[in-house]
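Notes for the one structure printed next.
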Amino acid sequence: MDKFSLSHMSVWQGRQDPEDGELALRWYDKVQAWPLSGTAEPGVALVGFACDEGVRRNKGRVGAAGAPLAIRKLLANSAWHLTRPVYDSGDLTCDDGDLDAAHARLAERVASLLDEGHFPLVLGGGHEVAFGSWNGLNRHLVGQGRVGIINFDAHFDLRRKVEQASSGTPFFQIAEQCTAQGTPFHYACLGVAETANTQALFARADALGVWYVKDEAMSERSLPALLSGLDSFIAQSDHIYLTIDLDVLPGAVMPGVSAPAARGVELAIIEPLIAHIQASGKLRLADLAEYNPNLDQDNRSARVAARLVHQLTK
């Protein structure tokens, strides 16, 4: 398990309610450490990507490297309602600043988990996590079917990789790789903030055939149209990779990110969209990105991240 650490398992602790027996279990009671030998019953495998090197390169506010541990701490005391096992397979770090190597290790880990029948849920880290996550799925599938990428995000993250990869380049990197291997780049970005993306980025999204919806068009009234759009996108996909940049949420709900949203998309809109994606039966991989515990207020952002993890593991 190259550069993965299991030392964080001590954070899985919380309240005990013995008077209610098995019905009072919480996440910390059920999460299992990844077995160092042998095989595990297929389930959800948490993978920490404790890296914000891409955020630093993108001139953002660093701190997201601490997110996997902080999310676990809030998740540990959450009530347990799942029916399949959940494993914690540890954290991958990028202390040496070698993001390419970190991406390669994450891709290897994700591919291995998928090969063993697990659902990998990656806890970032900056949104540079997406390139490693996608590469793991790509390696696992080896050209078997079309992958649709659904990104809830205020930003396209389609910046060109001029010198180095960053948290702003992952989907352009994926597009380049798709071109190189002769596979379609099928990308949806939901929650785009016009003020956070230049005209050049909108033009690039159009040129790449990206389906995007601006934050102002994501409301309760527009939910039926959004679900219909998702249906069309998913119908053109054999497999779905879901990535959630937490800065898509309103800044009042999600202050703990490098770039809080002035408007954002409400959780009440995002949750049914996630459920709709899950109901398709095509979701193979998911990750959360950009939570920065250094910028959080009273753990508000961590609680939202933990809630999303809970939903993604149902």
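Numbers here mean position along the shown chain, with the first residue as 1.
The backbone N, Cα and C atoms fix where each Cβ goes, and this holds for glycine too.
Together with Asp153, Asp157, Asp245, the Mn(2+) 1 site in Swiss-Prot holds one more listed residue from His127, His140, His186, which is His127. For Asp245 (Mn(2+) 1 binding site), the Cβ neighbour count at a 10 Å cut-off comes to 29, with all displayed protein chains included. Taking the mean position of the Cβ atoms of His127, Asp153, Asp157, Asp245 as the Mn(2+) 1 site, the remaining residues of that chain whose Cβ falls within 8 Å of it are Ala130, Asn151, Ala154, His155, Phe156, Ser167, Pro170, Phe171, Thr243, Asp247, Val248, Ala289, Glu290. For the binding-site residues His127, His155, the ranking by surrounding Cβ atoms (within 10 Å, all protein chains) places His127 first. In this structure the C-alpha atoms belonging to Asp247 (Mn(2+) 2 binding site) and Asp153 (Mn(2+) 1 binding site) are separated by 6 Å. Close to the recorded Mn(2+) 2 site, the chain also has His127, Asn151, Phe152, Ala154, Asp157, Gly191, Leu246, Val248, Ala259, Ala289, Glu290: residues not among Asp153, His155, Asp245, Asp247 whose Cβ is within 8 Å of the site's Cβ mean position. Taking CA atoms as the reference points, His155 (Mn(2+) 2 binding site) and Asp245 (Mn(2+) 1 binding site) are 9 Å apart.
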